[in-house]
Amino acid sequence: MKIVTTVQEMQHITKELRASGKSIGFVPTMGYLHEGHATLLRKAREENEIVVLSVFVNPLQFGPNEDLDRYPRDIDRDENVAKENGVDYLFYPSVEEMYPAEQTTTVEVVKRTDVLCGKQRPGHFAGVATVLMKLFNITLPTRAYFGMKDAQQVAVIEGFVADFNIPVIIVPVDIVREEDGLAKSSRNVYLSQKERKEAPHLYRSLCMAKERIEAGERNAEIITTLVKEYIETYTKGTVDYADLYAYPSLQVVDQIEGRIILAIAVKFENVRLIDNITLTVK
């Protein structure tokens with residue numbers, strides 16, 4: 001595995017690889033890699049001749065009161081995960097390398113951002129789309145892999161790639177969970193012992209809702225109320241949202257039909273966790 005720290009070298013490598021006909025699978029991350037990321041890397045390894053991983057904590061997607069400085073970092077661990085999962089190139093640029101001067105251009109996302117996490121994080125998805133435009137141009141991927149844990153991000157990226165005719169295939173990958181159902185996340189380390197015991201109830205609330213939908217319930221408000229009440233009963237967390245939308249358009253639905261997403265965000269003392277399920281309802 002080769003570690004690359006400059007845009008110029010990474011772009012030179014990927015241009016040569018693509019010119020020689022090689023397919024490139026790209027996994028963009030902010031580091032502190034866990035089994036969820038490893039799953040993305042293994043999928044990229046299966047489907048491409050070359051795998052590129054980027055580790056870059058992107059300041060553009062953090063708001064003024066968000067946890068940029070607190071975001072966990074451990075490049076040695078990331079290198080080990082990368083090597084174990086068949087990465088060919090680890091792109092690890094500094095902030096100065098990615099943003100040598102103030103941006104004269106950023107990507108503004110105008111749809112799919114005013115709900116769920118995007119509603120409370122104005123500018124977040126503009127930061128995501130801007131860094132991805134840069135990373136796609138640097139790594140020239142055939143396919144790029146994203147976890148469905150952040151399903152809103154996947155919906156935004158799919159729209160952005162289609163709108164700008166970017167020649168990359170977006171591959172969404174299912175959420176990876178702990179044995180007790182908790183979605184794997186770099187932020188789980190901030191849960192107290194007691195909160196960690198309560199946290200699996202987030203996924204259980206979604207499973208309960210899925211069962212109700214499969215049993216015939218079609219009223220979106222009834223389902224989201226059930227989820228909120230379940231989480232408030234079984235955890236000390238505060239429900240930020242429990243919402244149901246058409247997917248990937250993220251349009252509001254009153255009656256449940258077609259492909260939908262049921263997504264939740266719950267605040268514990270030192271961390272906010274998100275989870276979701278998507279399902280197709282006939």
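Backbone N, Cα and C atoms are what each Cβ position is placed from, and that goes for glycine too.
It should be emphasised that the depicted structure is a prediction, and the values quoted were computed from it without experimental measurement.
Feature annotations, reproduced from Swiss-Prot:
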- His37: active site, proton donor (ACT_SITE)
- 30-37, 147-150, Val176, 184-187: ATP binding site (BINDING)
- Gln61: beta-alanine binding site (BINDING)
- Gln61, Gln153: (R)-pantoate binding site (BINDING)
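Positions of the features from Swiss-Prot, shown on the structure.
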residue: Met30; record: ATP binding site; DSSP class: coil
residue: Gly36; record: ATP binding site; DSSP class: helix
residue: Gln61; record: beta-alanine binding site; DSSP class: helix
residue: Met148; record: ATP binding site; DSSP class: helix
residue: Gln153; record: (R)-pantoate binding site; DSSP class: helix
residue: Val176; record: ATP binding site; DSSP class: coil
residue: Ser186; record: ATP binding site; DSSP class: helix
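For the binding-site residues Gln61, Gln153, Ser186, the largest tally of other C-beta atoms within 10 A is found at Gln153. With a 10 A radius on its CB, Val176 (ATP binding site) counts 18 other CB atoms from all the protein chains. Summary for the binding-site residues Met30, Leu33, Met148: the Cβ-based neighbour count within 10 Å is maximal at Leu33.
The two recorded residues, Gln61 (beta-alanine binding site) and Met30 (ATP binding site), show a Cα separation of 11 Å.
Non-local neighbourhood of the residue listed as 'active site, proton donor': Val27, Thr29, Val81, Gly147, each in the same chain, at least six residues away, with C-beta under 8 Å from its C-beta. Comparing C-alpha positions, Gln153 ((R)-pantoate binding site) sits nearest to Met30 among the binding-site residues Met30, Val176, Ser186. There are 20 other Cβ atoms within 10 Å of the Cβ belonging to Gly36 (ATP binding site).
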